[in-house]
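Undergrad: Sharing a structure below in structure tokens format, with a few things to ask.
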Amino acid sequence: MTKDQQNIERGSVINVEILNAAHGGQGIAKYDGRVIFVKGAFPGDRLSANITHVKKKFARATIASIEMPSPLRMQQRCLAAANGAGCCDFGEFDPEIEGRYKADLVLEQLERLGKVSQPPTCEVVSFGSPTQWRTRMRLGVDAQGRAGGFASQSREVVSGVPCSQGVMGLLDGIVGAEQNVLRFTPGSQVVVVCDDLGQRTVVETQPAPRGKRTESMVKVVEGTGKVSQVVDGVTFELPATGFWQSHKDAAQAYADTIREWFGSLIIRNTDSSLVAWDLYGGCGSFASAILSAVDNHGVVHCVESAPAAVSAGKRALSQLVEDQKIVFHTETVERAMNQLPAPTLVVLDPPRVGAGAETVRAIAQSGPQAAIHIGCDPATFARDIAEWSRNGFILEKLRVFDAFPGTHHCETIGLLTKKN
């Protein structure tokens, strides 16, 4: 260990050049043998970094000042982020190459964590405008009752300036000049949604108490508290606080990918005995795509632990439920799998933490011919893919969606097939 390394401690400021990108919106620098992960830094930045955490072989830092910006860095396109909100950490990134940049990070995670030495060609899907794409936002409320985004790595509320992600009209009268906006209960949260029918809903909620998972909706400020979302011509009516894809075009794009990929396979049994699993399936927004990919043969078992989502799915897909083409199970994936008939096809869309090795192993050992795995975190997606590989599956297709432009996040979808 060098003398310089011994002197690095929390609060130290060092000058570095960012050499590579790291998962999670970080840049990588080297400083006297240590790897330095700098939050919000882009390859090519020369900057002063404020050390926040120190380990033997690496340290973490934030940007103190940028001495020479990377060619990738442009003017911040989000006023909220420019004022300290944590919404658009990639708001300064060149949007023309943002999707490819994220795809390269996915490939790096697949190689390093997923042990995929020869990944398939990675398709990149960008949805056009880098702003005005988000249909739902969760806002904090400050002591004066003003709504706004949360500051980066903080619960402090940045009010008065709207985030550029919101679709047209989403935050009108909610976030903006003080004299023109509604006031809310201090300490509450505000959920604002503009649904697929163009209707805006605004609800005030109280965060869930410590140890509880479900928040309480305390006041409907605008609309009915319900939102209507459309996929494959089916309208799902959900609580405003329920889960739905953030990007206005994402849900349909993912359903189209499922239909395309499963439709291209040669399925060994396409009679009425075909079984598909739709795991972490929400309201069943992908179930119609799965069925249409196999010409409506067989049955889709949709597993979801949230009762409100299951109820919404049963209402929206009532005819298919009545015909027993779609069967909903209000249960966790881990508990439901032992009760389901063996699948031919599987779709799984786990939360950000991933499905995990034990769950992937159980799905793989249930004997599907193919699976479509969806992930919103490159690292956990890669770890799940590694477990698929250990259980005899190969990653055949890969598609990265820049579904969260202006942020370091992306959505990744992979097609896995059983090795011969």
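Indices start at 1 and increase along the chain as displayed.
Keep in mind that glycine also has a Cβ here, set from the backbone N, Cα and C atoms.
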Undergrad: Based on Swiss-Prot, name the residue from Y101, Y280 that is recorded for the same S-adenosyl-L-methionine site as Q245, E304, D349.
TA: Y280
Undergrad: Would you count the other CB atoms within 10 A of the CB of Q245 (S-adenosyl-L-methionine binding site), including those on all shown protein chains?
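TA: Summing over all protein chains shown, Q245 (S-adenosyl-L-methionine binding site) has 22 other Cβ atoms within 10 Å.
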Undergrad: Quick one: average pLDDT across the domain 'TRAM' (7-65), no decimals.
TA: 94
Undergrad: Compute the C-alpha separation of C376 (active site, nucleophile) from Q245 (S-adenosyl-L-methionine binding site), stating it in Å without decimals.
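TA: Cα of C376 (active site, nucleophile) to Cα of Q245 (S-adenosyl-L-methionine binding site) measures 11 Å after rounding.
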Undergrad: Hey, which of the binding-site residues E304, D349 is the loneliest by Cβ count within 10 Å?
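TA: Candidates: the binding-site residues E304, D349. Fewest Cβ atoms within 10 Å: D349.
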Undergrad: Using Cβ-Cβ distances, find the residues under 8 Å from Y280 (S-adenosyl-L-methionine binding site) that belong to the same chain and are at least 6 apart in sequence, listing them in sequence order.
TA: V303, E304, V333, L348, D349, P350, P351, A355
